[in-house]
Amino acid sequence: MAKEKRGFARDQYFGLAALVLAIFLIANDYTAFAPALPSIEREFNVDVTTSQWIINGYALVFGVLIISGGRLADIYGRRNIFMLGAVIFVFFSLLGGLAMDIWMLLVSRALMGVGAALMWPSILGMTYNLVPFEQSGQAGGIIMATCGLANATGPVLGGILADAFSWRWIFFINIFIAILTMLACWWVVPPDRLQRIKEKIDYAGVLLLCISLFCLLFALDISAETGFKHPVVISLVVIFLVFLCLFSVVEYRVGKDALIPPDIANNRKFLAISVTTLLISVVFLSAILYVPQFLANYRGYSAVQAGLSLVPLMVISGVVSFISGRFYETLGPKILVSVGILGMSTGMFMLSHLTEDTGFLQMCPGLVVLGIGIGLFNPSSTTAGITVVESHRASLAGAILYMFKIGGGAVGLGMNATIIAFAPDVPSGIDRAFTVNAYLALAGLIVCLFFVTGRPRDQSGELL
């Protein structure tokens, strides 16, 4: 009997290479601005409560729209929606690079999230459409490994561009990479066959959720200057609650076409892992935002040096993520997710003891422990969430978990910015914010211990 061929065909290699480039662009851009924020703050004369919206706005729009992006890709064709998203991404990258004030920069950056939300699920769909089923796990592993590598190198590349040229080149480099990706995907990735899908996009739900979360974030932002009792802050909180209630009503009325369909919303096991993800979502974003900020502003690190400070966290989390998948079937989700959360909480406690004299070497142990926790939590929690829903809902479940992770992280960063603004100085503010984040992770640990469950992969390895 001939030996079964396990590698990819030549055209599949080219197609995967194009998709890898696309996923690298989006994931790299997510972390690339972290070391460049101090130079942006100096140029536009703003503080961290404003500059954090460069990451926050992108994350919020990306997280809220990713589910709709996936449904649009399924209805109108993944390659078509990918191209539309790439055009949007390129256009607002250009505007961001040419920004004359902070508001033009923030709006451009947020609208880049629209493009990313269309591109990301389209890339995943094209990946699994490109290869045979028996090679889908291998292809998915390549894509996820690329994502981890891009997250790890983002702060380094962003720091190099900011130091050598300008922070604006973080935007401009996107244009060249995105255009190259579009040409490559159009040339080597075949169009998927459109099927008649009887689904509608819950546009009302998307709009209501966006307005609700934006009002909450904006209230947290301005409360640093006005206090929580200011009429504007109170009004924004009321609007947040009203639109959140309206979102719940709309979701109930649209039924199966809801942003979060009833069969998933009513799944208690999925709800448990979603709440756990929500509670710990701010931890990773806090580290990649505030560690480079602190080292640049208080220890005199260049943008490159500040970006390199995150390498231990990223490398450790990537290695542990790769290894932890091998233990999922034997240990199960509860142990891996719980140990991961404990590591994340411990890492944040270790990082929280900041003073103006704290250097990178003192931060390293906390970054390593945090990286171990993230590496255990991310793949295990995603697998746990996907395996407690029906198989035909697996992709949607993954998108919803990602929405909770990104959207929750955006809200958490808004909370952190408020905590820092009320502190007597930035180091003590970061200290308090990291401590609060550690306690939030412990709250997630309690939810995990009591409610999180899941089942291992079946013998074929099928999850999606």
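Even glycines carry a Cβ here, placed using N, Cα and C.
The transmembrane segment feature in TrEMBL is assigned to 12-33 (among others).
Residues annotated as domain 'Major facilitator superfamily (MFS) profile' in TrEMBL: 15-456.
Taken from TrEMBL, the feature transmembrane segment covers 53-73 (among others).
TrEMBL lists 80-104 (among others) with the feature transmembrane segment.
Same-chain residues lying 6+ beyond the ends of the transmembrane segment (110-130) with a Cβ under 8 Å from its Cβ atoms: 12, 15-16, 19, 22-23, 26, 29, 53, 57-62, 64-66, 68-70, 72-74, 78-79, 81-82, 84-90, 92-93, 96, 136, 139-140, 143, 185, 189-190, 192, 395, 399, 464. Under the heading transmembrane segment, TrEMBL lists 110-130 (among others).
Annotation comment: TrEMBL describes 142-161 (among others) as transmembrane segment.
Taken from TrEMBL, the feature transmembrane segment covers 167-189 (among others).
Annotation comment: TrEMBL describes 201-220 (among others) as transmembrane segment.
Annotation comment: TrEMBL describes 232-250 (among others) as transmembrane segment. Sequence-remote contacts of a segment are chain residues at least 6 beyond its ends whose Cβ falls under 8 Å from one of its Cβ atoms, and for the transmembrane segment (232-250) they are 202, 204-205, 208-209, 211-213, 215-216, 218-219, 222-223, 226, 258.
Annotation source TrEMBL lists transmembrane segment at 303-323 (among others).
Under the heading transmembrane segment, TrEMBL lists 335-354 (among others).
Look at TrEMBL and you will find 360-378 (among others) tagged as transmembrane segment.
Long-range neighbours of the transmembrane segment (399-422) within the same chain, counting only residues 6 or more positions beyond its ends whose Cβ lies under 8 Å from a Cβ of the stretch, are 47-49, 52, 55-57, 59-60, 62-64, 66-67, 70, 121, 213, 216-217, 220-221, 223-225, 260, 264, 273-274, 277-279, 281-282, 284-286, 289-290, 381-382, 385-386, 429-430, 432-433, 436-437, 440. Summarising the annotation, TrEMBL assigns transmembrane segment to 399-422 (among others).
Listed stretches 12-33, 53-73, 167-189, 303-323 were compared with the transmembrane segment (80-104); the greatest number of C-beta pairs under 8 angstroms is found for 167-189.
Across 167-189, 201-220, 303-323, 335-354, the stretch most heavily in contact with the transmembrane segment (53-73), judged by Cβ pairs under 8 Å, is 201-220.
Long-range contacts of the transmembrane segment (303-323) within the same chain: residues 31, 34-36, 38-39, 145, 148-149, 151-160, 162-163, 287-288, 291-293, 295-296, 360, 363-364, 367-368, 370-372, 374-376, 378-379, each at least 6 residues beyond the stretch ends and with a Cβ under 8 Å from a Cβ of the stretch.
Same-chain residues lying 6+ beyond the ends of the transmembrane segment (167-189) with a Cβ under 8 Å from its Cβ atoms: 11, 14-15, 17-19, 21-22, 24-25, 29, 32-33, 36, 39-40, 43, 79, 82-83, 86-87, 89-90, 93-94, 96-99, 108, 126, 130, 158, 161.
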